[in-house]
Amino acid sequence: MAASETTSDDSLYPIAVLIDELRNEDVQLRLNSIKKLSTIALALGVERTRSELIPFLTDTIYDEDEVLLALAEQLGTFTPLVGGPEYVHCLLPPLESLATVEETVVRDKAVDSLRKICEEHSAEDLETHFVPLVKRLAVGDWFTSRTSACGLFSVCYPRLSVATKAELRSHFRSLCQDDTPMVRRAAAGKLGEYAKVVEVEYLKTDLIPMFITLAQDEQDSVRLLAVEACVSMAGLLQQEDTEMLVMPTLRQAAEDKSWRVRYMVADRFIELQTAVGPEITKTDLVNAFQSLLKDVEAEVRAAAAGKVKDFCQNLEPSVQESVIMSNILPCVKELVTDGNQHVKSALAGVIMGLSPILGKDNTVNHLLPLFLSQLKDECPEVRLNIISNLDCVNEVIGIQQLSQSLLPAIVELAEDTKWRVRLAIIEYMPLLAGQLGVDFFNQSLSKLCMTWLVDHVYAIREAATNNLRKLVEKFGAEWASQNVLPKINAMSRDGNYLHRMTCLACINVVGEVCGREVTTKTLLPTVLAMASDNVPNVRFNVAKTLQIIGPHIEKESLHSQVKAVLERLNDDPDTDVKYFASEALTGMSLQPPLNVEVMICQWLRKVEQYLESSEISAMTPLFAAA
């Protein structure tokens, strides 16, 4: 019996340590213990967790913010540890206290946990325990509790009695009219989700007036959040109700004196368009959208410009073309020459999408001049955005009409002083190659692709080698033999060793897609000739390349040519060359018996790799194995 008690005490010792750490002066220890609360609760059992642990946690709310944040998160998952949904209400006191603290992230996490456990309350427990908590928070002395209350109305409202629902609507109305801007802002932010659970009749009589009040608030941070509520409300009402109750406020918001409110309208415009429907879009939103495209603030114009394609796509088909041509296109023409590069860049990312909507004739007559203008824009991002979306125009009018203006723009981007711009155009080259065709590519762009291979920035050279692979996949091995491989072969004799290494990198990626015959007859001799290079880095990269292209070389050549070269490299005076030659011989099953020097070299390299990835104290097994 005594032994059994001792064993039990020993098993509970770590739990006692965790409980002690909850009271420790060291913040990190308290934080670690909080993160293991579930372990403590499991050891204590559901009854002791409810009667001892939860009251203790409620009394220790006055702690560091990071500890409180971890506690708020943990309590949201505590329902099974306190005995299930029947006892979930005992988690409310500590979470209520956390929902009133000064730190915003702690309050938000406490509200998240309260929303989660609200769903686990029965309807009776909601009325008895959860709703009183919401009411206390809603009338709290500090604004912190009132802001937290705003996030709890929507989760509990649907399952309450009629009388309780009326009380909650009254409390929410008070929060919308609160003296503190932070509370009104929180109410405006949650009004949309609350509207989704409130009955339609009360939506019209209670929530719409709240929405109108918030949309006219003196603080622009409150008004811009009311725009988000507008999206939810417009989707819940009939069209005539939307026109009468919501649209006047929305029109006001689109012309608000604060650019941040107008920006929010522009940013959410497509959702608003979907919510109000095609008829109201035609009568109201087209004019509002025009105003936003002409806004005095560049941020608003940029947000609206980015929505041009989606807005035009969502227009009613019967009026789509006429609205675009008479209302939207004039604004677009002005934005093409806008003084702000962010506006032009946002427009360039979507303007090509108008081609399928307007058809060939309108594209040629009206959009093509705009595309050509943007291809000559001084801003690289504008030109890149146009080039990256060429497939939209290609489907409608074919690429030939763009090709003459396209080429100068591509050349400028390819030679841009910013290496990231050069990198971006390389990534689009396979797409352009497919659209322009092999003849145009050979004539105008092939030289560019080879120039990138000797760029002074490594990232450009690496991207250019991968680009070659995609081009060979697109145009075929015969094209590669005629247009690419002779230039790669010439690079193998370049005076700059970095260019010779780039040649090997190209062979690594091209060898697989060129096929066995081309790789053996054309690429292999180039690699073997480089085995005598005077730079060790090139020689060991020859060994690596032979290992990579080995599966694509004919077996006869593998044994008659490759093996002899690798064996010669295996006796190279440079240890790195020896190592990679030995690795290649082993990987290709051509390995002769290893000499002692190579074994030591390989062992030292493994020790070096182990040192980089492991603690020095953990190296004993490695030395023992050696």
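Glycine is treated like the rest: Cβ placed from N, Cα and C.
Unlike curated entries, TrEMBL annotations are predicted automatically.
Among the features that TrEMBL reports, domain 'Phosphatase 2A Regulatory Subunit A helical' is placed at 91-264.
The repeat 'HEAT' annotation in TrEMBL covers 14-52 (among others).
TrEMBL lists 91-129 (among others) with the feature repeat 'HEAT'. Taking the repeat 'HEAT' (91-129) as a whole, pLDDT averages 88 in the prediction.
The DSSP breakdown of the repeat 'HEAT' (168-206) into helical (H, G, I), extended (E, B) and coil residues amounts to 31 helix, 0 strand, 8 coil. Residues or ranges marked as repeat 'HEAT' by TrEMBL: 168-206 (among others).
Long-range neighbours of the repeat 'HEAT' (207-245) within the same chain, counting only residues 6 or more positions beyond its ends whose Cβ lies under 8 Å from a Cβ of the stretch, are 169, 172-173, 176-177, 181, 184-185, 187-189, 191-196, 198, 200, 252-253, 256, 258, 260-261, 263-265, 268, 271-272, 274-277, 279-280, 284. Feature annotation from TrEMBL assigns repeat 'HEAT' to 207-245 (among others).
Per TrEMBL, repeat 'HEAT' is recorded for 246-284 (among others). Same-chain residues lying 6 or more positions outside the repeat 'HEAT' (246-284) and placing a CB less than 8 Å from one of its CB atoms are 208, 211-212, 215-216, 220-221, 223-224, 226-228, 230-235, 237, 239, 291-292, 295-297, 299-300, 303-304, 307, 310-311, 314-316, 319, 323.
Residues 250-251, 254-255, 259, 262-263, 265-267, 269-270, 272-274, 276, 278, 328, 331-332, 334-335, 338-340, 342-343, 345-347, 349-351, 353-354, 357-358, 362 of the same chain lie 6+ residues outside the repeat 'HEAT' (285-322) yet bring a C-beta within less than 8 angstroms of a C-beta in it. Here TrEMBL flags 285-322 (among others) as repeat 'HEAT'.
Sequence-distant contacts of the repeat 'HEAT' (328-366), counting only residues of its own chain at least 6 positions beyond either end whose CB sits under 8 Å from a CB of the stretch, comprise 286, 289-290, 293-294, 298-299, 301-303, 305-313, 320-321, 373-374, 377, 379, 381-383, 385-386, 388-390, 392-393, 395-397, 401. Residues or ranges marked as repeat 'HEAT' in TrEMBL: 328-366 (among others).
Taken from TrEMBL, the feature repeat 'HEAT' applies to 367-405 (among others).
Per DSSP, the repeat 'HEAT' (406-444) is made up of 34 helix, 0 strand, 5 coil. For 406-444 (among others), the entry in TrEMBL reads repeat 'HEAT'.
What TrEMBL lists as repeat 'HEAT' is 523-561 (among others). Sequence-distant contacts of the repeat 'HEAT' (523-561) (same chain, at least 6 residues past either end, Cβ-Cβ under 8 Å): 485, 488-489, 492, 497, 500-501, 503-504, 507-508, 510-512, 514-517, 568-569, 572, 574, 576-577, 579-581, 583-584, 587-588, 590.
Outside the repeat 'HEAT' (406-444), and at least 6 residues removed from its termini, the chain residues within Cβ reach (under 8 Å) are 375-376, 380, 383-384, 386-388, 390-391, 394, 399, 451-452, 455, 457, 459-460, 463-464, 467, 470-471, 474-475, 479, 483. Sequence-distant neighbours of the repeat 'HEAT' (91-129) (same chain, 6+ residues past either end, Cβ-Cβ under 8 Å): 54-55, 57-58, 61, 65, 68-69, 71-73, 75-76, 78-79, 82, 85, 136-137, 140, 142, 144-145, 147-148, 151-152, 155-156, 159-161, 164.
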